[in-house]
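For reference, the structure is listed below as structure tokens.
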Amino acid sequence: MAQSTAHRRLLQEYRITAGPVTEDDLLHWEALIQGPEGTPFEGGVFPAELKFPRDYPLAPPTMKFLGEVFHPNVYPNGLVCISILHPPGDDPNHYEHASERWSPIQSVEKILISVMSMLAEPNDESPANVEAAKMWRERRGEYEKRVRDGVRRMLGL
Amino acid sequence: MANEQVNLPSLLVILVLTGLVVRYFFFSSSGSPPAAQQAGRAGRRDAASVMAAREAAVVRLQQLFPQVDRRTLLWDLQRTGGNIAATADRIATRRIETPPITFQPPPPPGGQATGGSTEQTHGKPEDKPAQPDLITRYRLQGKLAEGAGSGSETESRGSSPGGGKTKAWSSNRDERQSLLQRRRDEMILEARRKMEAKIAAEKAAAES
């Protein structure tokens with residue numbers, strides 16, 4: 001039952017920029033995210049995998065960049081840390097409002113939009129990549145250069 | 001005097017009994033370590049096996065509920081006495097509670113730092129060095145050569161008359177898949193073309 005609800009919902013959302021790696025496993029998606037304009041990520045394309053729990057959309061998926069993304073809110077292993085991917089009622093530090101977190105009315109599209117705005121504006125409060133957060137705060141120029149270099153490497157240039 | 005005569009044998013009996021009891025407890029099985037030490041070791045073994053069972057339960061539960069973190073699971077397992085079914089039921093019916101801050105379980109045996117639960121469920125530790133760029137990743141070298149020079153070439157390769165982008169959905173499973181793949185490839189190739197142009201422009205600017 002939960003399985004079929006998840007399937008129905010994911011089939012609906014499939015129409016957006018992202019999609020399952022193969023349709024045999026609808027719970028495992030790959031998405032391409034474009035670097036937002038006016039940021040050092042501009043012009044870049046970043047692949048990420050989305051893994052959905054069986055009780056989606058009750059619980060949020062997890063998202064992980066598959067390439068190098070040097071960003072304060074992305075763990076060095078690529079895992080994305082933003083409020084929309086956090087289940088409701090699970091923030092002991094009270095950084096986030098319940099409305100910012102996951103709920104079934106959110107969608108893959110909203111996640112991708114949130115991730116793009118995260119790329120543009122890092123959230124300094126709870127960094128996932130401490131090195132990136134520190135560089136972003138203290139040596140912005142160096143941070144932007146490192147990101148730009150990463151973008152070019154990703155495109156094979 | 002008569003009292004003392006009665007008491008002396010009973011005193012002896014008590015002494016002998018005490019001796020026997022002491023002997024039973026401390027020197028019962030010659031060759032094996034003292035019983036008290038044995039009991040302590042057994043207790044430790046119990047605790048270790050309970051922890052191992054809890055960890056196994058956490059792994060199983062995280063397969064079912066990757067969104068619930070390890071700490072929450074351990075907390076609930078502690079409350080249900082290690083009953084996986086009960087904990088799973090509580091998660092499924094959203095009755096699971098957040099553990100108090102004071103509850104700090106020991107780090108997972110895998111040696112991974114206690115991060116988000118998702119990190120553990122992913123389980124891929126640092127696959128960084130093996131990350132190819134997008135062209136290699138999606139095997140676009142061939143298309144790269146095709147599309148070189150004229151930018152419009154790859155875009156006009158869409159088979160349907162309306163172009164690849166306008167037809168966003170198909171009822172056919174394979175067609176859906178290939179549509180998505182083409183959209184992805186186009187996105188990467190276009191980004192690369194733009195970046196190439198940008199780099200060329202930068203070079204030209206630097207030279208002049």
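Positions of Cβ are set from backbone N, Cα and C atoms, glycine also.
According to TrEMBL, the protein carries these features:
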type	residues	note
COMPBIAS	B:121-130	compositional bias 'Basic and acidic residues'
COMPBIAS	B:172-185	compositional bias 'Basic and acidic residues'
DOMAIN	B:53-96	domain 'CUE'
REGION	B:90-185	region 'Disordered'
TRANSMEM	B:6-26	transmembrane segment
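Applying DSSP to the compositional bias 'Basic and acidic residues' (B:172-185) sorts its residues as follows: 13 helix, 0 strand, 1 coil.
Mean per-residue pLDDT, taken over the domain 'CUE' (B:53-96), amounts to 84.
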